[in-house]
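What TrEMBL says about this one:
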- 30-175: domain 'LTD' (DOMAIN)
- 205-293: domain 'PKD' (DOMAIN)
- 288-399: domain 'LTD' (DOMAIN)
- 466-568: domain 'LTD' (DOMAIN)
- 629-729: domain 'LTD' (DOMAIN)
- 765-832: domain 'PKD' (DOMAIN)
- 852-967: domain 'LTD' (DOMAIN)
Amino acid sequence: MKKICLLGLGFFVSVLLALFMSVFLFKNFVHSANEDIVITEICPTGCADNGFQWIEIYNKGSKDVDLSGWKFWEATTNHTLATSSRSIQQTFVLASHSYAVIAQNDLNFFQVYPDFSALVLDSSWSVLNKSGEEIGLKISNGDNDFIEKFIYLGIQNNHSLERKDLEISSTELTNWQENPNDNSVGQKNYWSVANNDDENQNIDPVAEILTSKMEFEVDEEINFDGSQSVDSDGEIIKYEWFLNNNVLATSSIFFYSFQDIGQYNIKLQVTDDKGGIGNDSLDLEIVTKTTTSTTSTGTENNYLGIVINEFVSDPVLDNKEWVEIYNNSTTTVNLQDWELHEGDKTSTSTKKILSLDNILETNSFLVVTINSSKLNNDGDLIALYDNLGNLVDVVRYGNWIDTLDENIADNAPDTSDPNAVARIVDGQNTGNNKNDFAVTTQPTPGEPNVIKAVVTAPPNSGGGGNGSSQTSSKVYNPRDLVINEMVSDPSDGEEEFVELFNNTTETVDLTNWKLSDGSEADTVLDGEIDAKNFYVVEKPKGSLNNAGDLVLLTDPSDKEIDKIVYGTWDDGNIYDNAPMASDPYSLIRKVDGQDADNDYYDFVITDTITKNAKNIFSMSGEDKNINDNIILQTNVIINEVFPNPAGSDIDDEFIEIFNNGKETVDLKDWQLSDSTKKKYTIKQGILKSGDYIVFKRSMTDIALNNTGGDEVKLFSSNGSIVDLVSYPGGVLEKQSYVRQEDNIWVWTTKVTSGTKNILEGKSSSPIVVIDTDTEVAVNEWVTFDASDTVSPDGKKLSFNWDFADGTDDNGASVEHKFGQEGVYSVTLIVDDGTNKSEKQIVVTAKLSSDFVGGYNGISNVSVLNISEVLANPVGSDTTEFVELFNPSDEDLDISGLKLDDEEGGSKAYTFPDKTIIKTKEYKVFGRQDTKLAFNNTSDSVRILYPDGTILTEIRFDDVVEGASYVRNSEGIWVWTSSPTPGEENFINENTKVKGIKIIKSKSNSIKPVINTTLEKVRDEDLGDLVSVTGTVAVEPGVLGTQFFYIINQNAGVQVYMYSKDFPKLQIGDEIEITGEITETSGETRIKLKEKKDIKILGHVDLPQGKFLELENIGEAYEGSLLVASGEITEIKSSYMYIDDGTEEIKVYFKAGAGIRKDVFQEGDLVRVTGLLHQTKTEYQLLPRMPNDIMKTGVTEDFITKQEQAKEQDSADMVEKYLVATAG
């Protein structure tokens, strides 16, 4: 019995001990986490007025910390903390690696920093002394509850005081330094030791809110667009919209309406993939909803299909004006009490002409005669209203403008006796009067329109004659005529040809029409092409390139009517090109005349050539698998794609297939895929005529992208593509992408899984993409290219450019030159007829001489002094700095000058635009900005002109740790133990070094050319003019139109010319180049000015690449031709990754290299030859031609996985079959 009691007592003691130890361990764990909270920045008196002061704290640990009950210690007092009502984060929890601010007065803090997004805690204290005092952080009120307690340094320049190293104690005074400019609240400190690591330093994203205006009515739907927010070194992964600190939406674009009038502040916070945060805010005015009069031109049209179809505003003598109305709908309409109106330039309303009292049957006409003259001959507005005062149709013609529409560019034409203005196609209403109407010499009141163009004789040129030549003024539009079939690589004995198809209902005179290729060789056409018929152009001028080219059709006014780009021809987006048809195939439209304005989708390759006849798609025998770009024409189509449902995407994402034909189709062994290599094979599926089948993500494992766009492909059982659809940009939640009856894809808010598509909701704005140079020369033509801009709704786009120099232009791709130096904010507005998108880019125009050297600044920079250098601080060298002093009585603009260390050291730092040193100011440039790393033994500091000429220089030796190098009152340079960044030097001499020579430049003339080698070219400074010899490794135009590479056995470099005026070069040419050393995205390049900067010395054997393990890739091999072998671990549309066991690298497929990715797959072993190219974030290999990638085998792991997949397929039971019909 005693033994049992003793055993029980022992067990009890063990339990107590375990409990005690667990509490002890938990307490120590919590205390450890608490110690990760550190004070990082202090803004006392001087930095901020009393009431506006703050301190910044940071959680440096990996665990979130709850600050409930914590105190701020100041003036021997515990100050309580409370979450600010204005803080976006309404919590006491400070997340790992996050900042928070303790504010003296939180409301005052938000007056100064209204967009601050981190946690803000409100407190209260009397004052933080400028000269320093004791402060601390405590977890409670106890005397032993301090996390940190120290006396901070005083500040001198009224800037914040920053902690440099978070791992060094706050009591170490040398660990604190005043910000040289202002403060860095909520961000990494300027003097942070981590700031010097450029590769790891994240650049915060920039948030941008776009709306159509700043004032809206109650209940008016507002499109809030944040899609123009950017992250320069990564991607934005999170969007949060706030109203009164409440989250409104989490997508890049959303719609919202306000119920009450007033002023509202909308905030957008974006987060990038490295945790960086950007903010933007917008103030909106919501006003009372206005009541629209019965004559408003903006009310809803409930009678789609009822249109003003034809009119005469200038009748022949003794006749009357008339307007024809046409019912293009499927129902009869009662026009009783409907009204016809004319325009009123003085008002937003219109003036009634007459009332109607008629029944208008479907597909019938009504001619309304106007008894007195109402319509202006040179321009007016004609409006039709229903019996409720709703606007049904409106036509503006001639020179008419009003307060609602001041743009006459989209007006219908005017005309005179005896002509009429009529819709080109009865009932067709695109919303653009210019495109819908034409002048006809054959009025047809009450009958279908017949467009007969006005024919005029040209002016008599003198010398008699009847002047019989006539020119048609007929207006043609894109898709009226299309390029329908072409053979660019004919069989032996055959010729190239291009076939046209007439989509219109009338015969078209082809006199003075032109067909052009990519070399701008023009073939002038003649003859006629009948309605819905063909016309063949035999042996067009020039020569269509077999690998790829551009074919352009223009009307007599040089207006583009159709264009096809095929093969490898680079028009800025090679991925929407039609495939290349080699001998003996032709390239045809899938459906005669059908043009979705996407060559990749519209065209297929066929082995049945049908010149001057209906296209036939066929591919027999072994040719069926010629390539994956062949699209099989069937009646089975992708009908709806739902990428971003509310809630879980896994459960509700789907792809819908529809049988549009009359026959039942067996889908067994057909496949679905997205933009990745992943494919889902349909095991069974009988799809009857008119039926739908829905494939959910839970079945297919196909995850459609919500950002960045995606594509869906449907393959037949023989591997041919049956249908494909791609959608661009970000996807709004709960919007489905659907096919319309005209095969145009649009977004809709009505999701119709398994049923007929229904269009609802507001259409999406165009997604704008601009490609241009942002640094250009004055008076040189620059191309501004927005041709990759897309309309998510498939609408026709118009482009208007404002160049901020008093000029503008229209078109997707335009050329412009700036007449003066300056920085120009170029604005592009893209309009799809419903929505507008705007994008702005900043372009700097400089003198041509600035591109090779010389200084054109207006300030007298010769007076600039180097006043202090800290080359070897105590501890981390990342706090090194150079201080410059302006002794003059005028502010100095030093933009474009350079700061450098000794020759051959770090790369020079160029002072950015608008770098001003005020009169008598000491301005600090830290290593965090300049990236200059000084030697701890001896080095130089140099200020250089843009061309590298020395403006001033000092040299120092015998560097003293912790001391800065300053010039005393006698002009002698000495070491002082008291660094004074940003203020007048304080001399506390350690070592006097007399006789230091200060070097001044006597001239800013162009620097002489330095003869160097490829191995040593990176030892020279940016801006230096160099001459170097190398072998051409790739011709211009393959990897880019403005650059190529030269190499030798050990090194290489990129060669760039803005004008692209290269001589004819071939791989193996040995050349000598002379140009300026520049840098782009971290990669060194030599920039040439003109063709004569290249001298061809001869030709040598084709250069061979240098074999290298990927772990050794770095700056030393930049620009070199390398060889790497490894396994393909990932493959995408434009690149793949290979891994050689030591490291992996991206292999990028440039369009001009002609790389076919479809012959490779993940798991392949390959040998890649390519040029090493550096981007902002990584190194890439750029193969130059298909033979640069050689397949050497397949990994054993990949073969094993294939076998396992086959075994799994064999073991699978019959797959659950999900067919959704009628919901």
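Each Cβ is built from the backbone N, Cα and C atoms, and glycine gets one as well.
Secondary structure of the domain 'LTD' (629-729) per DSSP (helix as H, G, I; strand as E, B; remaining residues coil): 8 helix, 42 strand, 51 coil. When pLDDT is averaged over the domain 'LTD' (852-967), the result is 84. Of the recorded ranges 30-175, 205-293, 466-568, 852-967, the domain 'PKD' (765-832) has the largest number of C-beta contacts under 8 angstroms with 205-293. Here the domain 'LTD' (30-175) sits against the domain 'LTD' (852-967); at least 3 CB pairs are under 8 Å, leaving out pairs fewer than 6 apart in sequence. Taking H, G and I as helix, E and B as strand and the rest as coil, DSSP gives the domain 'LTD' (30-175) the counts 15 helix, 52 strand, 79 coil. Using DSSP to sort the residues of the domain 'LTD' (852-967) gives these counts of helix, strand and coil: 10 helix, 42 strand, 64 coil. Residue counts for the domain 'LTD' (288-399) under DSSP, split into helix (H, G, I), strand (E, B) and coil, are 0 helix, 48 strand, 64 coil.
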